[in-house]
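Annotated features in TrEMBL:
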| type | residues | note |
| --- | --- | --- |
| DISULFID | Cys151-Cys172 | disulfide bond |
| TRANSMEM | 61-81 | transmembrane segment |
| TRANSMEM | 87-112 | transmembrane segment |
| TRANSMEM | 202-224 | transmembrane segment |
Amino acid sequence: MLHSFTHTVFHSVLNFGCVNITFSEKLGGCGLFGVGVWLSFTQSEFSSLPLSFPSLSAANLLLVAGGITMITGFLGCLGALKEQRCLLFTFFLILLLLVLTEVTLVLVIHIFHDQLDSKAQKDLKEDMKMYESDPGLKNSWDNVQKMFKCCGVTNKTDWYNVLQGKLPLSCCSVGTQTCVEGWTEPCYQKARKWLIKNITSVLVFGVCIGVVQILALVFSMLMYCQILSVEKHLD
């Protein structure tokens, strides 16, 4: 009698914990997705730039990560509510793959950040060559340089090969007829600093979601084993 009561209480607590953790993960995914949408809207004025531009790549990463987290959270929450072994196991596998991918991505960015930065800057410099022939790209570069008060990818001399030794007017203050000196700060580093400054709280939020994901893995597997044990006992 006592064993049966204890077993029921444990099952209820496990179910409650699993439902709440997976629901929290789903909310976390909504939060990441929302920040991704906000970042995309704030960067819409220079959306024609390559995705290697710091703030654009961060926006797309948050949209993908948030969307996948929302879907997996919903799957886990449904599996816990319905007490479906199949759904719980599917949720566990998808979430495990997601966590491993996140860890791998963080390690790759941390280890190869210099190479990734160099590749991104190279892509942006290559893209600059179409400044005069592509109106959308021209508008994006002008908006970036006006917004961040910067010039070029790594320095203002990046424009010399593109505009035959000249600088675009967007490299100088509004109203300037001819741009000679230009802003001194490079756009890549300026955009990166802006991103780090504005997304610090999101990174903390991301760490919290990581902890929730680990707990969700543990609770979903415990729930799966518990349901399997009950089914075997009934058989």
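Indices start at 1 and increase along the chain as displayed.
Cβ atoms here come from the backbone N, Cα and C positions, even for glycine.
Remember, predicted model here, so these are calculated numbers, not experimental data.
When each of the disulfide-bonded residues Cys151, Cys172 is scored by how many other Cβ atoms sit within 10 Å of its Cβ, Cys172 comes out lowest.
Sequence-remote contacts of a segment are chain residues at least 6 beyond its ends whose Cβ falls under 8 Å from one of its Cβ atoms, and for the transmembrane segment (87-112) they are 22, 65, 68-69, 72, 75-76, 78-80, 210, 213-214, 216-217, 220-221, 223-224, 227.
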